[in-house]
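Participant: First the structure, which I've put down as structure tokens, then a few questions once you've had a look.
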Amino acid sequence: MKKLTIGLIGNPNSGKTTLFNQLTGARQRVGNWAGVTVERKEGQFATTDHQVTLVDLPGTYSLTTISSQTSLDEQIACHYILSGDADLLINVVDASNLERNLYLTLQLLELGIPCIVALNMLDIAEKQQVRIDVDALSTRLGCPVVPLVSTRGRGIEALKLAIDRHNANDNVELVHYAQPLLREAGFLADAMAQEMPLQQRRWLGLQMLEGDIYSRAYAGEAAQNLDTSLARLKDEMDDPALHIADARYQCIAAICDVVSNTLTAEPSRFTRAVDKIILNRFLGLPIFLFVMYLMFLLAINIGGALQPLFDAGSVAIFIHGIQWIGYTLHFPDWLTIFLAQGLGGGINTVLPLVPQIGMMYLFLSFLEDSGYMARAAFVMDRLMQALGLPGKSFVPLIVGFGCNVPSVMGARTLDAPRERLMTIMMAPFMSCGARLAIFAVFAAAFFGQNGALAVFSLYVLGIVMAVLTGLMLKHTIMRGEASPFVMELPVYHVPHIKSLIIQTWQRLKGFVLRAGKVIIIVSIFLSAFNSFSLSGKIVDNINDSALASVSRVITPVFKPIGVHEDNWQATVGLFTGAMAKEVVVGTLNTLYTAENIQDEAFNPADFHLGDELLGAVDDTWQSLKDTFSLSVLANPIEASKGDGEMATGAMGVMDQKFGSAAAAYSYLIFVLLYVPCISVMGAIARESSRGWMSFSILWGLNIAYSLATLFYQVTSFSQHPTYSLICILAVIVFNVVVLSLLRRARSRVDIELLATRKSVTSCCSGTAGNCH
């Protein structure tokens, strides 16, 4: 079979991702475009004659970029297409928005690269009574047009057949440009490198006349002739860019008049009716908060019901199983305990997180594919405008509920450097999936029936602190107004199950692999430090270990937030959590259960792997029945109650160490708000600078320590009023000083704002191949 590389390109919300998932299934690889942190997805699939590598290009409305302050999407798409890596392009077109989508189609066809138009979302078009003559559209465009409903898999085989058959587009003159434009485009094309096809050189000439700033990178000496061409055109037409766009739109209008009835089509009545409620100025925000609460409720309840299978199952295999092997093969006791506690305990920490994290990713994917996430940005627009940000900036913040890294990277879709930087500074406060793993454990141990409510309050607190951070920046070092907010609202539709599963699987796999490697390594590292004293001797009691001795010295720093000296394990969790937040659970699990593992005698004769696995399945089945019982459906928060049988395990030890729910909640506040994990720090440094990364870390530490101290000291004020009053006043005075210093620093910061993406804007300024 011949190998073929295909670029998949289309407007946002055209169903491109769904088609990508339909074609490639789970055979996907996710990376970054060279030099930038924009995600690059590749997948594999086969047709009758070809083994295809499919490259998913960023969603974009056109290939023209007129400002360096815009997003990188157009730049990356343009560079990849001109690089020559793609043998064929598949342009995904939304049939229900044909006229707008055809602008990008015309730009692609003008390049002369073999192209297939995938006419997607025909089911939505039919509901809106839009009729399209596919054969007539194919004739007018000069390339194959394949009708699709990607959510149902309709038309996939026809698309594969078109891939095998299509080698070149028909020689059709699509757009009739004014003669002066063609003359100057030809003049610029003649000055370019002759090894580039003439059609592409003329296209680049038109792009330069239109004001595209990145086409000049390919023009070579022709870029020096641009001013001459524009000067000649000035005598013949007012605005060359306007004439170019007008010619394309006239072509699109002529095509649509012949092939469709879009002028008489009806908009979706269902979408319009639902939007009257969802986008209501009074109901929109409460509905958004309810949707977020529902997500946490389902993640904790249903995910929690599935947890025994992963928890007890991993204990049976990776802890008791390792102990059985160690005793059977006569390993030294210290080695058996080390392997069971370090390696086995690390795996046992990761796997029980899978159900709840997986449920959250599934819910987020559903919201994204259904069309609700775009509405959430509009709902939050008024609030974001108060911060001097457009509502569009809330979209990457919502992504932060899954992971803060793509949230930080998503800020590059914003236009102004100030808006990008403010969004980056706010992103780490959005509670990610790794933090949910921590919250779920503490909710079960301390908050009983109010567990889901406690978790929801932490998520809301994260949003509030992100907003307050934005307000602080607006009134101190980043004053300014928001740019206008224009965003397309896709119609509502039921997400495709296969696409949901693939998206959830990709996210969950990334989380498990990333978290697993770190947690297992940290667990082994902690087990080693927990087994020896500072003098290097093996200890019988972990309280005499090197880890305990060092941690006790540091723990008094956290006394104001409710971490007492004997709870040194919690201090270790905060430090390891800086590597990855999910490691906090692994650290606490390893340290709180260390004594139990040392003290418990393991009898190999009593170990029966099959019985323990059957017990895990039985517990899971019982949990599922309880979760979906009538009593729980009537009172869903009941399903998140803590398990009293865990009193002798890690949760029981944790309960004793913290002493109260107030101390535990204060600890969670600190975990929510303090330093982001290493991967997020790296993303912040790449998207802005190391200086802004340092600012984000210091600001997060201050907010976390201040808020956790205020909460704990207020709730425990009656126990030590004098100490609490001193702590509260110290926090207030310190923050007043910090805000005063930030206001004075404004004049020095403003100059540096435009430089925050200096390395990014220049990353693709060379040859086309540099961006792939």
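Glycine is treated like the rest: Cβ placed from N, Cα and C.
According to Swiss-Prot:
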- GLY10, ASN11, PRO12, ASN13, SER14, GLY15, LYS16, THR17: GTP 1 binding site (BINDING)
- GLY35, VAL36, THR37, VAL38, GLU39: GTP 2 binding site (BINDING)
- ASP56, LEU57, PRO58, GLY59: GTP 3 binding site (BINDING)
- ASN120, MET121, LEU122, ASP123, VAL149, SER150, THR151: GTP binding site (BINDING)
- 3-169: domain 'FeoB-type G' (DOMAIN)
- 282-302: transmembrane segment (TRANSMEM)
- 309-329: transmembrane segment (TRANSMEM)
- 344-366: transmembrane segment (TRANSMEM)
- 383-403: transmembrane segment (TRANSMEM)
- 427-447: transmembrane segment (TRANSMEM)
- 453-473: transmembrane segment (TRANSMEM)
- 518-538: transmembrane segment (TRANSMEM)
- 664-684: transmembrane segment (TRANSMEM)
- 691-711: transmembrane segment (TRANSMEM)
- 722-742: transmembrane segment (TRANSMEM)
Participant: Among the recorded stretches 309-329, 344-366, 453-473, 722-742, which has the greatest number of Cβ pairs closer than 8 Å to the transmembrane segment (383-403)?
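Facilitator: Selected stretch: 453-473, with the most Cβ pairs under 8 Å.
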Participant: Could you tell me which of these binding-site residues, ASP56, ASP123, has the fewest other Cβ atoms within 10 Å of its Cβ?
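Facilitator: Ranked by other Cβ atoms within 10 Å, the binding-site residues ASP56, ASP123 bottom out at ASP123.
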Participant: Can you tell me how far the Cα of ASN13 (GTP 1 binding site) sits from the Cα of GLY59 (GTP 3 binding site), in Å?
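Facilitator: Counting only the Cα atoms, the answer is 8 Å.
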Participant: Can you tell me how far the Cα of ASN120 (GTP binding site) sits from the Cα of GLY15 (GTP 1 binding site), in Å?
Facilitator: 7
Participant: Excluding near sequence neighbours, so keeping only residues 6 or more apart in the same chain, what lies with its CB under 8 A of VAL149 (GTP binding site)?
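Facilitator: Looking at Cβ-Cβ distances below 8 Å from VAL149 (GTP binding site), excluding near sequence neighbours, one finds ASN120, MET121, LEU122, ASP123, GLY155.
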Participant: Give the sequence-ordered list of residues that share a chain with LEU57 (GTP 3 binding site), lie 6 or more positions from it, and have CB atoms under 8 Å from its CB.
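Facilitator: Those within reach of LEU57 (GTP 3 binding site), by Cβ under 8 Å and sequence separation of 6 or more, are GLY7, LEU8, ILE9, ILE76, ALA77, TYR80, ILE81.
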Participant: When a 10 Å sphere is centred on the Cβ of ASN13 (GTP 1 binding site), how many other Cβ atoms does it contain?
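Facilitator: There are 18 of them.
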Participant: Should ASN11 (GTP 1 binding site) be counted as helix, strand, or coil on the basis of DSSP?
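Facilitator: It is coil.
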Participant: Just to verify a number: CA distance, SER14 (GTP 1 binding site) to THR151 (GTP binding site), in angstrom, no decimals.
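Facilitator: The separation of the Cα atoms works out to 11 Å.
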Participant: Spatially, which candidate from the binding-site residues ASP56, PRO58, THR151 is nearest to ASN11 (GTP 1 binding site), comparing Cα atoms?
Facilitator: PRO58
Participant: What is the maximum Cα to Cα distance, in Å and rounded to a whole number, among the residues ASN120, MET121, LEU122, ASP123, VAL149, SER150, THR151 annotated as binding GTP?
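Facilitator: Across ASN120, MET121, LEU122, ASP123, VAL149, SER150, THR151, the two farthest Cα atoms sit 10 Å apart.
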